[in-house]
Amino acid sequence: MSSGYSSLEEDAEDFFFTARTSFFRRAPQGKPRSGQQDVEKEKETHSYLSKEEIKEKVHKYNLAVTDKLKMTLNSNGIYTGFIKVQMELCKPPQTSPNSGKLSPSSNGCMNTLHISSTNTVGEVIEALLKKFLVTESPAKFALYKRCHREDQVYACKLSDREHPLYLRLVAGPRTDTLSFVLREHEIGEWEAFSLPELQNFLRILDKEEDEQLQNLKRRYTAYRQKLEEALREVWKPD
């Protein structure tokens, strides 16, 4: 491991955009949130690629790279590469005493990890905590993907079984298109998002409110017209 990034090695060889609007709910206190629940909330919208498709995408990815952090495709179809994870922790995590490591608590701190396509979200979280000798359970943290479209920012929590390097490959190397964020898993949903994300949620809610209001007006306008027609039939002279 160099001072610039961490590396995640795997022994085994066999091993994409929605706005999250369910940010009002909190996780039940004292009960861990299962991976299956996460999968149900955040459905994976991608299907895995064939070896030829992966080869083509890796080639295009490397052509677009500007920071020399390229991907490498192995003969067995597994590829390795780099992801950058931004630390957005509300409080400093517990670390080993006299660890000599920098604290990961600095808001906005960026870390680069060298991983393979087989590494899951859960393994990436463990690698980040191990890098800083954090003694807290990985279950207390969650990895989010943050996507940017025009002037809007979307974020959703990834399930522990998803593969970050695959998401990076599909999205391309630009972090202004897709980025990864580590946050506390148990924090309230309101506090877990940045100001631009919350502002985007407000825009979505305002739009939904306006649509519901227009639907309600159309419904009662149609009801009024039918009622007036019925009254005219009743009072029509014989």
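Every residue, even glycine, has its Cβ placed from backbone N, Cα and C.
Feature list (source: Swiss-Prot):
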MOD_RES   SER2  N-acetylserine
REGION    26-48  region 'Disordered'
COMPBIAS  38-48  compositional bias 'Basic and acidic residues'
DOMAIN    79-186  domain 'Ras-associating'
DOMAIN    187-234  domain 'SARAH'
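Helix first, then strand, then coil: DSSP counts for the domain 'SARAH' (187-234) stand at 40 helix, 0 strand, 8 coil. In the predicted structure, the domain 'SARAH' (187-234) carries a mean pLDDT of 82.
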